[in-house]
Structures are given as C-alpha cells and as structure tokens.
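Here is the structure we will look at.
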Amino acid sequence: MAPRPRGAAGPVDERELLSAGDVARTIARMAHQVIEKTALGSPGAPAIVLLGIPRRGAPLARRLAARIAEFSGHRVPVGVLDITLYRDDLRRRPTRPLESTRLPDGGIDEALVVLVDDVLFSGRTVRAALDALRDHGRPRAIQLAVLVDRGHRELPIRADYVGKNVPTARSEQIAVLLDEVDGRDGVLLRRRSGEEVASP
Amino acid sequence: MKHLLSAENLDRDTATALLDTADHLKRTLLGREVRKLPTLRGRTVLTVFYENSTRTRVSFEVAGKWMSADVVNVSATGSSVGKGESLRDTALTLSAAGADCVILRHPASGAAHRLATWLDGTPTAVVNAGDGTHEHPTQALLDAATLRERLGSLAGRRVAIVGDVLHSRVARSNVRLLATLGAEVTLVAPPTLLPAGVERWPVAGISHDLDAELPGLDAVMLLRVQAERMHGGFFPSAREYSIAYGMNETRLRRLPEHAVVLHPGPMLRGMEISSSVADSPRSAITEQVRNGVHVRMAVLYHLLAGEEHAE
C-alpha cells in the first residue's frame, strides 16, 4: 500500500471546547484569581507585571490586564516576551521568525511577573521564558497563567492559573483562536480521524 | 539560506526577513543588562580576514558573541597563509576543525563564492565579508536597515551613491539590494570612477553633478576613495575631488529636511565628507555601525539557528 502523505490521514474531526463567550468568561475568572492570589492592591503586595508570550499570549495578557483593571481598579503593566532565541528546538525546524520583546518601562526587577500563554503542553516554552527572564532582570517571583492546560508535560513545570484543563491525546491539536490574531475567539480540539492507525 | 555570498542573490522576501530579524534583535537587546542570547551556543564561527578591517571584523565578532557562538579570529598574517597555503586548503582545514560558519574577507573578487563551492558537502556556511571589488552584502543590509529606520520604508525612496563606484564593493551590493527593496538609486561619480558596463546596473540614473541631484534625494551614501586600489590618476587632486563630490555644509543645506547621510567607513574627513556633516544629526554613520552588529546577528541566526541544510 502506498504510504499516505503526512497530514492527509483523513478528514479533520473538529470539536469546539470553548465558545467565544466561554473564552471571555474564562479570562474574567482568571483575572479574579490573579487579583486574589497576588493580593493585588493590598499593602505590602508586590507590583505585578503581565508578560505575554507571542503570538497569542500577547493579546491574552492585554485582555487579562483589562479585566484586572476593571475588577480591581488597578492598572497592571503589560509586556511581550519573545522566547524564540531561547528555544531548545531551534535546530529541529526551519529558521523561525522573531517577534519583538517589549518590557514595561518600570522593568521587572522585584516585580511579581505573571507569564501568560495560550496553551501549556510540554512546558518547554515556559522553560525558555524562564531563561529569557533571567537575562532581563530579577523578578521577585514568577507565576504562569494559561488559557488551556492540555497535559503531556516534559519538564517539572505547572501553571498557577489555568482557564481550562483539557485531557488530550498527543496526536490531537488544540487551537486557541483569538480575535486579535484569528478574527474570532474560541478553543478547538482537532483530531484526524484514523490518525492512530495511519502512523507507521 | 545556506550561505550569504552576494546581495544580488537575495530576493525581496529573504532580505526583508533578515532586516526584520535584525530589527527584533535590536529591540530585544535594547536597555538590557545582559546582552547575551543563548541561541548559538556550541556553534563555532571563524572570521578569516585576508584584508585589513576594523569595523566589519569587530562587528561580526560581537554579533557572534552576543549570540553565544564561539568566535575565532584568523588573520592572514600570523597564520599558515603566510607559509603559502592556498585558500582552498585553508578552507578545508577550517571546516575540518569544526567551523559551522566561515566569514571571509579577501582581496580577490569571487573568493567567497569559490570557498562555498569547495565547502559543498560540508555543513559549513560561508558569509562574504567583502571580496575584492565585487560585493559586501552585510554592509548593504546594514545600510538598508539604517535607511529603513530613518526613512520608515525603502520603496520609492531616492538614494544617491556618491564617489568611487569603480572600486567599491559596497556600491555594488547596495545598488542590487536597494533595487530589490524598491528604492531608486542614482550613481554620482566622476567618469573615471565608474566601471565599464555600469549602464546595465539596476539604477535609475548616472550623474556627474552632485549639486543637481541633492534637492530630490532621501539619502546620500558616500563611498570611501580607495587609494589602495588606485594605480593611476583617476582625478587631478584630493582637493578637486572634494570640491566636486565632497559632502559639506553647503551641500547638506541643499538636501531636503528629512534626508540622511551615510558613509560605510572608514571615512576620510575633509575628502568625501566634512567633519561638520559627519558629526551632524543628519548623518547616520554611528547608527550604521550599531545596526551592523544586529544585521550580522540576524545573518548568523538565519544561517545557523535553523535545521541543518540537507546536502
């Protein structure tokens, strides 16, 4: 039998895990959790900085900051942290384009940095982000917020704020869609039917 | 991209990607305490220079080090080149010694291309850091980065390249890259300093009258008068050259407000450019050097950070 070309293993089975409304509610809940866990605004609480990891972590961080401001009245600085130059898999793929890193004017020294990303999977992106942060300063603490945790960690890393836990198979794909990048909001689970049997 | 040998072979997408990467790297490193990225850890970069150079060699060395590559400098004096080893044998030796990238400056046009041919079948990448009077692609890239930064974009911008076009690899690389990026280039030089066949270059015009061109320009790129390559009288005197083609205060006033002055260095103050112009805010000469590091980091990133090229 002729080998099937990769990526043509059959029709893609797609299921919606979160609707646009669910995404908005999830971000709002995460905002409340950040306010509570960091004791935002109370005396002695550390300054908070949200850093989004491109691409979709960046708009997520901005939305999270907007909801935090709405619920608590405190404006938290938002930045973008590109981790491409710190990846451990650069030589396994064609050259990746870079995004710009933009830290808030106040920097991150002594701040409580909350890293924001769309999906937590192997944990390698977060590991790269921790390395990158070390070159930018010395935060008082670092926390992690993700919209979806899909499991399959390859490193001892966990999130402090999780929008939704989704048990997945490795071969499945999680697609987080955000209006700023994709034109609409939503979280999809994609699975190629017959994929498991098609693999050699 | 396996090698960077000439600006002529850079298509618009690749050139733009390199400039974008350089721009991101610049912003990423801005104001940082630790100007060191782990990206090229464990990769070995050799600079092999058969000609004198300060800024290009230093710029490549800094670029490599900021990305954590191991950079080894080989100069023609003090190496086996002095014992009569051929370029080919030197190249094979360097590759066998574990060079992931060889950055070559050589007085012979086409040397980098030859080197790349000899290294075919090895993983070693070659960057042309200037070959004779042929090309100097990273200089053209850093000039393009500087112009893009100062002018916002390159498409439709009018750039004059002024001076010793005949001996200038900087001019050749810039003409090609600027044309690829959509700028309109005019060459301004005495007839004796224009090469044969220049009318076939992708330029919008060729002129011998700098003053007539100035009012319509977005940028003036001055070239160094390369006395070391001149064997004969190309112009009557340095003073006369300076009067006809030197950039001075009077000429600066004839340029539009926004126009910028570039020089690849090393500059001969009082010859191609007056001191007051070189040090004025209209001059982007120090920015060129600064951008040179980021552009060369981008080149190393594109050559060395992706997956190995199948040979």
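Any Cβ shown, glycine's included, is placed from N, Cα and C.
As annotated by TrEMBL, domain 'Aspartate/ornithine carbamoyltransferase carbamoyl-P binding' applies to B:2-149.
Annotation comment: TrEMBL describes B:Arg55, B:Thr56, B:Arg105, B:His136, B:Gln139, B:Gly265, B:Pro266 as carbamoyl phosphate binding site. Around the Cβ of B:Gly265 (carbamoyl phosphate binding site), 19 further Cβ atoms fall within 10 Å across all displayed protein chains.
Taken from TrEMBL, the feature L-aspartate binding site covers B:Lys83, B:Arg169, B:Arg224. Around B:Arg169 (L-aspartate binding site), a 10 Å sphere centred on its CB holds 23 further CB atoms from the protein chains shown.
Sequence annotations record features per position, and here TrEMBL assigns domain 'Aspartate/ornithine carbamoyltransferase Asp/Orn-binding' to B:156-303. Taken together, the residues of the domain 'Aspartate/ornithine carbamoyltransferase Asp/Orn-binding' (B:156-303) have an average pLDDT of 94.
Listed in sequence order, the binding-site residues from B:Lys83, B:Arg169, B:Arg224 having a Cα within 10 Å of the Cα of B:Pro266 (carbamoyl phosphate binding site) are B:Arg224. For the binding-site residues B:Arg55, B:Thr56, B:Arg105, B:His136, B:Gln139, B:Gly265, a Cα-Cα cutoff of 10 angstroms around B:Arg169 (L-aspartate binding site) retains B:His136, B:Gln139. Across the fold, the C-alpha of B:Arg55 (carbamoyl phosphate binding site) and the C-alpha of B:Lys83 (L-aspartate binding site) stand 27 Å from each other. Summarising the environment of B:Gln139 (carbamoyl phosphate binding site), the number of other Cβ atoms within 10 Å of its Cβ, over all protein chains shown, is 27. Taking the Cβ of B:Thr56 (carbamoyl phosphate binding site) as reference, residues of its chain lying under 8 Å away and at least six apart in sequence are, in sequence order, B:Arg105, B:Ala129, B:Gly130, B:His136, B:Thr138, B:Gln139, B:Gly292.
The local packing around B:Arg55 (carbamoyl phosphate binding site), expressed as other Cβ atoms within 10 Å of its Cβ over all shown chains, amounts to 16.
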